[in-house]
Amino acid sequence: MESKISIFLPTSNLCNLLVLVFFCFAACPSLGRLSFNFYATSCPAAELMVSNTVRAASSNDPTIPGKLLRLLFHDCFVEGCDASVLLQGNGTERSDPANTSLGGFSVIDSAKRVLEIFCPGTVSCADIIALAARDAVAIVKFPILIFILRRKDGRISNSANVRPNIVDTSFTMDEMIKLFNSKGLSLDDLVTLSGAHTIGLAHCSAFSDRFQQDSKGKLRLVDTSLDSTYAKELIRKCPAGGSITSNTVSNDPETSFAFDNQYYGNLLAHKGLFQSDSILLEDGRTRKQVEEFANNEERFFRSWGESFLKLTTIEVKTDNEGEIRQSCSFTN
């Protein structure tokens, strides 16, 4: 199989690209099973079709990039990057309460429909999810995009596998480290990939444990690691008696639609939305990296490129381990 580099990259960053590629071949166990520019012959315009679909959807709904990035995380952490999160039906991952707030499914379905017209039975839903997340980040600023493809779609999707394999916002640092390590991701990857919270929205229920209702029925802050002014703003947007499952707030209160290093600046200002965000600053094992990323966006971007590539190669399926679905919502 021909293996080439498919990139959208400023030429001044070519050296960084080469370093990144060599790093990832050493750090990603599944990388050797995938290929750069895999669809060059079978569907040359595959990446362009996905990119155009993502851009069109994002122009109509600026929350799409955050939804696609979250969808990738929930796919790859459960059963690996195999599009199992897309499968519909009772008892599937998609039906689990932890996944009911996921979005971006219609974008993946739209891209798949176009691809099936021009390249039937060729491009997997798993590759579409990965490409869509990559392009979503590109839309909101991230400058370096290289990619490897060839994932097959999984045939198994079990809701019982969801909760043990995704990060809960109330996790301790040790719990997060254990989960990330089980996916072949390091402590550095944990801090870096948490930067995904620089875009996207969160339901009030995801951080309601940081507040408590007093005797008068009003919310008060009980998590002292949170900035008090920011906490008041969250209470205003998520009032007692309001819907904590439908009301949403931006993950990043400063630059919610830009993929940048502001997330880490927010942490330094004690404005991490989730408990699992704030703990990155509080824990001595991760505080230095938070401070470094807050002060050096280029360093964060370089680290994101490495960690994102590792994320998208978690437990991938190739050859007979999976299939190319005709519809992303159902197995063949």
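Cβ from N, Cα, C; glycine included.
Remember, TrEMBL labels are computer predictions, not curated facts.
Annotated features in TrEMBL:
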type	residues	note
ACT_SITE	HIS74	active site, proton acceptor
BINDING	ASP75, VAL78, GLY80, ASP82, SER84, GLU93	Ca(2+) 1 binding site
BINDING	HIS197	heme b binding site
BINDING	THR198, ASP252, THR255, ASP260	Ca(2+) 2 binding site
DISULFID	CYS43-CYS119	disulfide bond
DISULFID	CYS76-CYS81	disulfide bond
DISULFID	CYS125-CYS328	disulfide bond
DISULFID	CYS204-CYS238	disulfide bond
DOMAIN	33-332	domain 'Plant heme peroxidase family profile'
SITE	ARG70	site 'Transition state stabilizer'
Fill in the blank from the handout: A correct count of other C-beta atoms within 10 Å of the C-beta of CYS43 (disulfide bond) gives 17
Practice task
Between the Cα atoms of CYS81 (disulfide bond) and CYS328 (disulfide bond), find the distance and write it as a whole number of Å.
Solution key: 13
Problem - recorded positions near CYS328 (disulfide bond), in sequence order, restricted to ARG70, HIS74, ASP75, CYS76, VAL78, SER84 and a 10 Å Cα cut-off - result: SER84
Problem - Rounded Cα-Cα span from GLU93 (Ca(2+) 1 binding site) to the residue listed as 'active site, proton acceptor', Å - result: 9
Handout entry: Distance check against CYS238 (disulfide bond) for the recorded positions CYS43, ARG70, VAL78, ASP82, GLU93, CYS125, keeping those with Cα within 10 Å
Key = none
Completion exercise
Residues lining the Ca(2+) 2 site besides THR198, ASP252, THR255, ASP260 (CB within 8 A of their CB center) are ILE199, GLU254, SER256, ALA258, PHE259, ASN261, GLN262, TYR263, ASN266
Exercise for the section: Pop the mean pLDDT for the domain 'Plant heme peroxidase family profile' (33-332) in here, whole number is fine. Expected result: 93
Completion exercise
In this structure, the one of the recorded positions ARG70, CYS76, CYS119, CYS125, CYS238 whose CB has the fewest other CB atoms within 10 Å is CYS119
Exercise for the section: Using C-alpha atoms only, work out the spacing between CYS43 (disulfide bond) and HIS197 (heme b binding site) and round it to an integer in Å. Expected result: 33
Practice task
Look at each of the binding-site residues, ASP75, GLU93, and point out the one with the fewest other Cβ atoms around it within 10 Å.
Solution key: GLU93
